[in-house]
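Everything on this sheet refers to the single structure shown next.
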Amino acid sequence: MEEGLGWEPEAWEPPGRGLAPREARAGQSLASVLSELPSAATLRYRGPGVLPWGSLEEEDEGGRSVQGLTGAAQMELQDPRHSRELPWPMQARRVHRKNQAREQSACSTGSRVGHWAPLLARGKDQTKEGLRSLQPWAWTVNRIGGQFGAGTESYFSLLRFLLLLNALASVLVACMVLLPTWLEGAPLGPPAPSASSPCGSYSPHSPGLATFPSQLFNLLSGQGYLEWSPLFYGFYPARRHLAVTYLCSVFASGLICLLLILRRSVSGLKQTLLAESGALTSYSHRVFSAWNFGLCGAEHVRLRQRRILYELQVELEEAGIRRRAAVRTLGQQARVWLVRVLLNLLVLALLCAAFYGVYWATGEAGQLQEAPLVKQTPLLQLAVSYLPSIFISAVNVVLPPLFQLIGSLEGYTRSHQIVFILLRTVFLRLASLLFLLFSLWSQITCGGDAQAEQCQSCGYNHRKFPCWETRVGQEMYKLLLFDLLSSLALALLLQFPRRILCGLCPGALGRWAAALEFKVADEVLGLIYAQTVVWVGSFFCPLLPLLNTAKFLLLFYLKKLTLFSTCSPAARTFRASMASCCFPLVLLLGLALSAVPALSSIFLIPPSKLCGPFRGKVSIWAQIPESIETLPHTAQNFLFFLGSQAFAVPLLLISSILMAYTVALANSQGHLISQLKRQIETEARNKVFLARAVALGSESGAL
């Protein structure tokens, strides 16, 4: 059999070393046999001109001579690759870098490009390192990842990213909305009532002396003195430049968020594809290549050890689930899929019931606010105004644990369970928000019937909503505020007292009852839901991103305190790459859904006639063509050209060509990668065959 395969030991020799004769190898141990393989020689390799590990400098037989080492070193030091890409010690890398610099200076004598290219590359690397060092709470997030796993770390990393998005949006609003309003002078007050106005009057200030309950009600509901403030849409006056900057701030904020989320999603997608392919998730990679030898300090070392431990735990758990799934029979597989179909039908029924409840609660809240008893009692009026928020929060508290129970019965891996729970819960939260907005839209537009009695004169229900943009902003303000209050109440009234009471109980029972597990999926969905509310309401409530920045800042320290004081590491973790890809994609879904009510308000619903910078216009977008007409003729022609078919068709063709080229390039690279993978597998089988052949040769020599 060996002759048929044509095995030649000389083809597998490491440089300068040969296999010993068969008589000399007789009776060798398995370790000595395996040490002669090329892979063992690769492990012993320490760089150019350096003897391998385990070899003696005095040996001349079977080793490399000094002349041979010098010649090999000169050849290896001429490697064109960058010194960072070479598996050499630091001393050899310095020599290689000096040789490359010397060659570049000799080749680029009199060339400015050869001089500035390394400086630009070095400056780029230093800029990246500087930006990475400016990340807030870097040590805290790293500590959380080492102590509680990569899943919990991904939550705090996402919270830090959302804090950055809200801070950027707040800066845009301050520069493009607040600053022009302040420079041109703030409005004196709401418009005076006019008998000739077909849309009635708008008076946000409540008459009479303001009492403490009424002030508290105004603070929590966004009415009264807050309704006529820079917090809401109706405060800003009808000025041409302000209307343009107001609208441009919304589009600029959405575009920046889209680009940053796409950048984060692409980087997470790369990690997920590598993790799912198995190229970087093997146990050998975790054991031999995951350690950072630049760590300093016992705390950093301990955190890195825990991180590797959690990663190995995830790999072993998912490998066990995949192994059990691979040995299922056809009947077992059919039973599993039947259970999954039934469970998904149950999930669909629960979602439909929740959506109908949100729609019912929004309609009932509008009717109850007109009741005389509710108008006379501020506490009842506050409770009725918060009825949709309370119902949505109750649904978000009750259904996610049911989704977790259903996910555990479906037989998926932990990472896939997190994904399904995440998708179901985010669909519940975002769809509940959309049903709330749909209910408001049906009340504002009279169910879409422009010929109705309430909507015929102004295009919207001016009797119930004299300034409907401010009303939508108040609903988003109440959702944001109620979410913050519920988070504070959960931590201060439930988690911390439970920790204190259970700490008084001695023994293991008290420790078990006091240890809570940090629910990563629920917490992440809370962040995405809160951010979606801000994106929806940023047009109607311009200062909502600023409020959300303060909320996320408070939430970070609150969750950190809760995590380290009341929570224990999760018994079952999931893959970090799954979180880095799935969480930004769900966030991108929230951004896309938030664009629906904003765009429909801009293009479809007429703006309020009594408030806001777009009062008196047919639509909010009508301000943009009117502003373009005031520009010089050249600028008008250029902007109209950008919106014409003469520009759109070539742009579409060029985009299609670039897309086709990118797809073809990706396919070719994928084909090359698959070929390299097959080559690696072939080399691995050859090495296994070589080891068996050497072992057989050793056994036959011993006999």
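Cβ atoms here come from the backbone N, Cα and C positions, even for glycine.
Annotated region 'Disordered' per TrEMBL: 1-27, in sequence order.
Among the features that TrEMBL reports, transmembrane segment is placed at 161-183 (among others). Under 8 Å from some Cβ of the transmembrane segment (161-183) lie the Cβ atoms of residues 230, 236-237, 239, 241-242, 245-246, 248-249, 252-253, 256-257, 260, 264, 527, 531, 534, 538, 542-543, 545-546, 548-549, 552-553, 556, 587, all in the same chain and six or more residues away from its ends.
Positions annotated as transmembrane segment by TrEMBL: 243-262 (among others).
Look at TrEMBL and you will find 337-359 (among others) tagged as transmembrane segment. Here the transmembrane segment (337-359) has long-range neighbours at 388, 391-392, 395, 399, 402-403, 406, 409-411, 424, 427-428, 431-432, 435-436, 438-439, meaning same-chain residues at least 6 beyond its ends whose C-beta is under 8 angstroms from one of its own.
Marked as transmembrane segment by TrEMBL: 379-406 (among others). The list of residues near the transmembrane segment (379-406) in space but at least 6 beyond its ends in sequence, with Cβ under 8 angstroms from a Cβ of it, reads 213, 217, 220-221, 343, 346-347, 350-351, 354, 357-358, 361-362, 364-365, 368-369, 373, 421, 424-425, 428-429, 432-433, 436, 439, 475, 478-479, 482-483, 486, 521-522, 525, 529.
Long-range neighbours of the transmembrane segment (418-441) within the same chain, counting only residues 6 or more positions beyond its ends whose Cβ lies under 8 Å from a Cβ of the stretch, are 151, 347, 351, 354-355, 358-359, 362-363, 388, 392, 395-396, 399-400, 403-404, 407, 410, 412, 471-472, 475, 479, 520-522, 524-525, 528-529, 532-533, 536, 574, 578-579, 582-583, 586, 589-590, 593, 596-597, 600, 605. According to TrEMBL, the transmembrane segment annotation covers 418-441 (among others).
Over the domain 'TMC' (467-577), the average per-residue pLDDT in this prediction is 81. The domain 'TMC' annotation in TrEMBL covers 467-577.
The transmembrane segment annotation in TrEMBL covers 533-558 (among others).
Per TrEMBL, the feature transmembrane segment maps to 579-605 (among others).
As annotated by TrEMBL, transmembrane segment applies to 647-668 (among others). Here the transmembrane segment (647-668) has long-range neighbours at 641, meaning same-chain residues at least 6 beyond its ends whose C-beta is under 8 angstroms from one of its own.
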**Complete:** Counting only residues at least 6 beyond its ends, the same-chain positions whose CB falls under 8 A of a CB in the transmembrane segment (579-605) are 150-151, 154, 158, 162, 247, 250, 254, 257-258, 261-262, 264-265, 267-269, 271-272, 418-419, 422-423, 426, 430, 433-434, 437, 441, 444-445, 459-460, 468-469, 472, 520, 524-525, 528-529, 531-532, 535-536, 538-540, 619-621
**Asked** DSSP says what for the domain 'TMC' (467-577): how many helix, strand, coil residues?
**Response** 88 helix, 4 strand, 19 coil
